[in-house]
Amino acid sequence: MAISSTTSLTLVFSLLFMLSVSATILQNTFIVRVQQDAKPSIFPTHKHWYDSSLTSISDDKSSYSGDTDTSRVIHTYDTVFHGFSAKLSTLEAQKLQTLLGIVAVIPEQVRRMQTTRSPEFLGLKTADSQGLLKESDYGSDLVIGVIDTGIWPERKSFNDRGLGPVPAKWKGECIGGKGFPASSCNRKLIGARYFCNGYEATNGKMNETTEYRSPRDSDGHGTHTASISAGRYVFPASTLGYARGVAAGMAPKARLAAYKVCWNAGCYDSDILAAFDAALADGVDVISLSVGGVVVPYYLDPIAIGAFGASDAGIFVSTSAGNGGPGGLTVTNVAPWVTTVGAGAIDRDFPAEVKLGNGKIIPGVSIYGGPALAPHRLYPLIYAGSEDGDGYSASLCLEGSLDPNFVKGKIVLCDRGINSRAAKGEVVKKAGGIGMVLANGVFDGEGLVADCHVLPATAVGATAGDEIRKYITSASKSRSQPTATILFKGTRLNVKPAPVVASFSARGPNPESPEILKPDVIAPGLNILAAWPDGVGPSSMRSDKRRTEFNILSGTSMACPHVSGLAALLKAAHPEWSPAAIRSALMTTAYTVDNRGETMLDESTGNTSTVMDFGAGHVHPQKAMDPGLVYDLSSYDYVDFLCNSNYTTKNIQAITRKNADCSGAKRAGHSGNLNYPSLSAVFQQYGEHKMSTHFIRSVTNVGDPNSVYKVTMRPPSGTLVMVQPEKLVFRRMGQKLSFLVRVEVVAVKLSPGSSRMMSGSIEWSDGKHIVTSPIVVTMQEPM
């Protein structure tokens with residue numbers, strides 16, 4: 001049937017009208033940066049100015065009366081950031097950007113959490129008569145602010161026995177709420193707040209039958225991360241009998257402040273920024289943030305903006321690198337003023353083997369503390385994705401996908417993906433299965449995470465999963481019943497190799513600033529024991545009624561608070577060090593060799609890992625206490641970096657609150673000249689010819705007053721690296737000296753759109769200290 005021209009015009013106008021209405025009606029949360037001194041004098045407070053500005057651009061002025069009760073402002077910010085957040089339509093956001101004094105209007109992101117032996121593995125031993133713990137008095141009087149899901153204050157990890165009074169500088173509060181009286185704080189947990197306005201602005205009023213409108217943790221993630229950073233010594237500690245021993249955080253005497261921003265639907269930028277704002281005003285020394293999202297330019301990233309304000313005030317910010325590995329370009333939280341932490345494994349695991357009916361033993365890992373399968377009996381084994389199952393959804397063991405007639409009384413092989421690992425076990429259990437084998441996909445590789453399952457279950461690598469499927473197929477073709485059992489081996493220590501880079505740990509290169517190597521370092525993040533709340537089972541499944549004081553989790557979320565705690569120790573030992581100096585000490589003393597004496601492996605492949613996986617390497621706390629030299633940075637160095645990264649002055653003001661001058665000499669350099677402890681050069685090659693670049697670096701002497709450092713170069717393959725001068729002579733503590741690094745490379749043959757990465761290092765040594773900086777050279781062939 002043909003459409004007439006009149007009908008066509010009607011359809012076009014209808015479509016335009018619907019688009020216009022949707023742009024007017026649909027509202028999202030935006031975060032608004034203002035120029036603080038631009039407030040007209042007619043308004044007594046900034047809040048009045050914000051309300052008036054919103055009224056002036058409102059699509060429906062009749063809905064706003066101007067009183068406080070009907071204000072559209074979600075949060076106001078006045079420490080790390082000047083401005084507010086509000087629900088706006090797209091048209092309102094565009095109008096707001098045109099008003100005088102508005103610097104930036106930033107759309108909100110929803111972030112996700114990036115989900116004990118680690119102190120001993122890191123060399124932090126209480127029996128040592130000297131070292132970082134003793135020198136820092138275990139982090140006493142330093143305050144770590146944990147921005148997360150809240151905290152369960154009654155846990156022994158947060159007791160205040162033997163601690164002195166709350167530091168006099170502390171200005172924070174203990175905000176009470178549902179299930180969390182204000183008296184929940186003590187001399188250990190000295191502050192607690194919660195921020196839910198952004199969450200509720202998008203999702204409506206929270207369901208208080210499943211969440212606490214208070215700092216109390218109903219998830220477990222925040223309790224876990226807080227105790228990793230600064231938990232007290234607790235003995236005995238274990239999860240369902242696994243990992244028995246002493247549990248302790250990195251800085252056992254440091255004080256904690258909990259800032260709850262994560263709820264059932266996620267962690268909202270407007271709430272996260274409000275937590276940064278409060279933490280700075282309260283007086284924290286370190287901020288630990290184990291959440292992440294999509295990488296965007298820094299002026300559109302409230303985490304980067306909040307972290308800059310914190311860094312500008314001398315606060316060290318540690319963030320998780322993300323769990324998007326093992327693929328490249330997956331790293332998040334990549335701003336150079338934050339320390340980005342990837343995850344490694346420690347020398348402990350929890351083996352749980354699959355014994356097949358053909359006698360083969362398949363290695364796996366698990367944390368299961370319930371009734372085990374009989375070790376001398378074999379049980380029927382099936383693949384959930386076989387032709388007898390419900391196809392793709394059944395292969396993943398999704399809710400409602402398994403046929404009880406097919407599954408009952410059997411061990412079920414499930415594929416990873418879509419739903420959580422523990423949820424798959426629950427699906428199998430509901431369908432009558434007696435056990436589960438969880439197989440990695442090709443993308444997951446061979447990396448294994450031990451989970452607290454609700455039935456006998458184990459996780460195996462991608463290769464092992466293929467082998468089990470082949471066995472099931474082969475046995476079925478020969479008309480015999482495939483069988484198996486799962487053998488739980490408990491806790492195994494002194495595992496080799498260790499550390500390895502965790503399969504899930506996000507990798508470089510840096511998507512926003514390829515001249516800045518990210519992640520910066522890795523720290524323990526695989527199968528970490530830490531405190532856990534009463535209200536949540538160890539599998540985090542609602543049906544799991546088991547309770548445990550400690551739980552074992554994995555993720556860069558667990559690696560980040562290790563570095564947060566170490567930063568508190570270093571700050572306590574060296575109060576004069578800036579956040580950049582602390583990061584430098586951690587990076588230049590990091591190691592890349594495992595306990596076999598070989599380069600760390602990538603867990604996902606079993607191959608040698610690279611700087612794109614581990615950054616500068618695995619943290620070495622004892623060496624970081626005395627690094628010899630540090631690469632220091634000021635806030636104005638970051639401003640110059642943003643200039644050289646082609647950010648506009650308005651973009652830079654949105655991030656830094658500073659009026660940047662990007663003209664002249666400041667634009668003469670390049671973004672790789674930021675005084676960072678690593679060096680990264682990216683060459684766009686056109687034909688086969690020589691290319692070169694240079695880096696200028698300055699180091700500050702924090703070691704012996706009279707010292708001479710000589711350089712050793714380990715150039716990336718196929719490059720020529722020259723350092724001038726080759727010797728640095730220091731006469732006093734605090735003295736700064738500069739050097740130039742020149743890198744030359746000859747173009748190599750690459751296919752269009754491809755790239756090649758080579759790495760090396762330069763080392764400065766005075767015979768006592770070794771100060772190592774990785775050098776990364778990336779060759780890119782344009783399309």
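Cβ atoms here come from the backbone N, Cα and C positions, even for glycine.
Quick look at what TrEMBL annotates:
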type	residues	note
SIGNAL	1-23	signal peptide
DOMAIN	29-113	domain 'Inhibitor I9'
DOMAIN	139-607	domain 'Peptidase S8/S53'
ACT_SITE	Asp148	active site, charge relay system
ACT_SITE	His221	active site, charge relay system
DOMAIN	380-468	domain 'PA'
ACT_SITE	Ser557	active site, charge relay system
DOMAIN	673-777	domain 'Subtilisin-like protease fibronectin type-III'
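Restricting the average to the domain 'PA' (380-468) gives a pLDDT of 92.
The two recorded residues Ser557 (active site, charge relay system) and His221 (active site, charge relay system) have their Cα atoms spaced 8 Å from each other.
Helix first, then strand, then coil: DSSP counts for the domain 'Inhibitor I9' (29-113) stand at 29 helix, 30 strand, 26 coil. Within 10 Å of the C-beta of His221 (active site, charge relay system) there are 26 other C-beta atoms, taking all protein chains into account. Secondary structure counts, DSSP: the domain 'Subtilisin-like protease fibronectin type-III' (673-777) has 1 helix, 66 strand, 38 coil. Across the structure, His221 (active site, charge relay system) and Asp148 (active site, charge relay system) place their CA atoms 7 angstrom apart.
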